[in-house]
Amino acid sequence: MGGYVLAIDQGTTSTRAIVFDGNMKVAGVGQKEFTQHYPKPGWVEHDPEEIWASVLFTVGKAITAAGITAKDIAAVGITNQRETVVVWDRETGKPIHNAIVWQDRRTASYCDKLKRQDLEKLFTRRTGLLLDPYFSGTKLSWMLANVKGARARAAKGELCFGTIDTFLIWRLTGGKSFVTDATNASRTLMYNIASNAWDEDLLEILRVPAAMLPEVKDCAADFGITDASLFGATIPILGVAGDQQAATIGQACFERGMMKSTYGTGCFALLNTGTDIVRSKNRLLTTIAYRLDGETTYALEGSIFIAGAAVQWLRDGLKAIKSAADSGALAEKADPLQEVYLVPAFTGLGAPHWDPDARGAIFGLTRNTGPEEIVRAALEAVCYQSRDLLDAMHKDWRNGNGKETVLRVDGGMVASDWTMQRLADLLDAPVDRPTILETTALGAAWLAGSRAGVWPDREGFAKAWARDRRFEPAMDEKTRSGKLKGWKDAVRRTLSAG
């Protein structure tokens, strides 16, 4: 057995498997996209069997690319799209319905009904979350109500509920392990983040039988052993975290006040608040950053639904660019005198507005506006929304360590120097891009590798984190203030109550 660690990164649009060597460098990668199902407007589903097949395929690819065998792998770490719900038969392991994805909005009216019953404060107090279709609990409730016989079977213990990590662990271990980790549990609307246990009162409101829920473990723990028939050898599963928490770990944000932001399909910013459960007054989420050695570390989280997805829209919808890589160069050519704002509320607005009925809009168009100005507006929208999150976080929690805010970034969009410089300018804060951009997979791998004893401990891992480049703010205050005012005006005009 070598110092190799396998990370399975099961995302929203694709599955990636990455083999890291003993020096925490990428040795082999496998990736496979899978089908997005849209049965009705606002509904998004995945086929759990297709996801499972993609995991087997990508793991095989990654091991082959690394030039090793499964016997050389010391441990497996899993990270996953959060909130997405799978329910399967405990005997056969077969799903009873497609997975309902985090983006799915079918339970919006149910969430509104719970709000009218004045239950949002209770859910927020217990879980740190808001009553929004984004989270798992109402999706599970919908499945139990709409799949024939599901609720009765669940009460008898015949069905299992899980986020994607739980389903994959079940399959990888041949049905021997029915477990999740604290970060994934904290996104379900059913987990009490203070007591670190499933909340019986919330389960009763959502009409979810406790018999169908998995055991909750630390992020670095013994989650089971892979079935030897899958990869040719047994491998212990020793690390699990939801994707944004895994990225926080991969960015070595272990100290209070450290902050990371991931720019993928959406944008997710997490601020480490240590052992303090900070209750947001600005509609941010209070969530579990990680739980290690029985100690829970908390975070404030801001979720933006559309980030890289806006660039995809420019490419696939408007045909304004040929590839996402062109966006920074085009934005650089935009007329600096034209102030165009794009509010990408394609599926409503996330934090800190949480307005599912807001709709996208472009403001400031003139006869001279061209593709360059639209592209710049799309990239700037990501930066403006990040500023909204940072402002809300500062209101909720003043930096406890007295240091300036430095944002560590990762995800596909951070390869653009132009976007990262504009982000630093509009945040008025330094932005650090790491040398390893696979931070989500790296975080899952570190959880497993450190548990296996083949990778460094927390302190050693933090020291090994390396910066590729720091982007310092270079915009003058007058220009920045004017731009931020224009953005706030644009957002106000897109809000459903505006």
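The backbone N, Cα and C atoms fix where each Cβ goes, and this holds for glycine too.
According to DSSP, Thr265 (ADP binding site) is assigned to coil rather than to any helix or strand. Non-local contacts of Thr265 (ADP binding site) by the CB criterion (under 8 A, 6+ apart in sequence, same chain) comprise Thr12, Thr13, Ile306, Ala307, Gly308, Ala309. According to Swiss-Prot, the ADP binding site annotation covers Thr12, Arg16, Thr265, Gly308, Gly412, on the basis of sequence analysis.
In the three-state DSSP scheme, Ser14 (ATP binding site) falls into the strand class. Residues or ranges marked as ATP binding site in Swiss-Prot (evidence: sequence analysis): Thr12, Thr13, Ser14, Thr265, Gly308, Gln312, Gly412.
Per Swiss-Prot, sn-glycerol 3-phosphate binding site is recorded for Thr12, Arg82, Glu83, Tyr134, Asp243.
What Swiss-Prot records for Arg82, Glu83, Tyr134, Asp243, Gln244 is glycerol binding site. Annotation note: Arg82 (sn-glycerol 3-phosphate binding site) sits in a coil segment as assigned by DSSP. The Cβ of Arg82 (sn-glycerol 3-phosphate binding site) lies under 8 Å from the Cβ of Trp102, Thr163, Thr183, Asn184, Arg187, Gly242, Asp243, Gln244, each of these being in the same chain and 6 or more residues away along the sequence.
Long-range C-beta contacts of Arg16 (ADP binding site), restricted to its own chain and to partners at least six residues apart, with a cutoff below 8 Å, comprise Ile8, Asp9, Val29, Gly30, Gln31, Thr58, Ala441. Counting other Cβ atoms within 10 Å of each Cβ, the binding-site residues Gly308, Gly412 show the lowest value at Gly412. Tyr134 (sn-glycerol 3-phosphate binding site) and Ser14 (ATP binding site) have their C-alpha atoms 19 Å apart, to the nearest angstrom. The Cβ centroid of Thr12, Thr13, Ser14, Thr265, Gly308, Gln312, Gly412 marks the ATP site; residues of that chain outside this set whose Cβ lies within 8 Å of it are Gly11, Gly264, Ala309, given in sequence order. Non-local neighbourhood of Ser14 (ATP binding site): Gln31, Lys32, Glu33, Phe34, Ser54, each in the same chain, at least six residues away, with C-beta under 8 Å from its C-beta.
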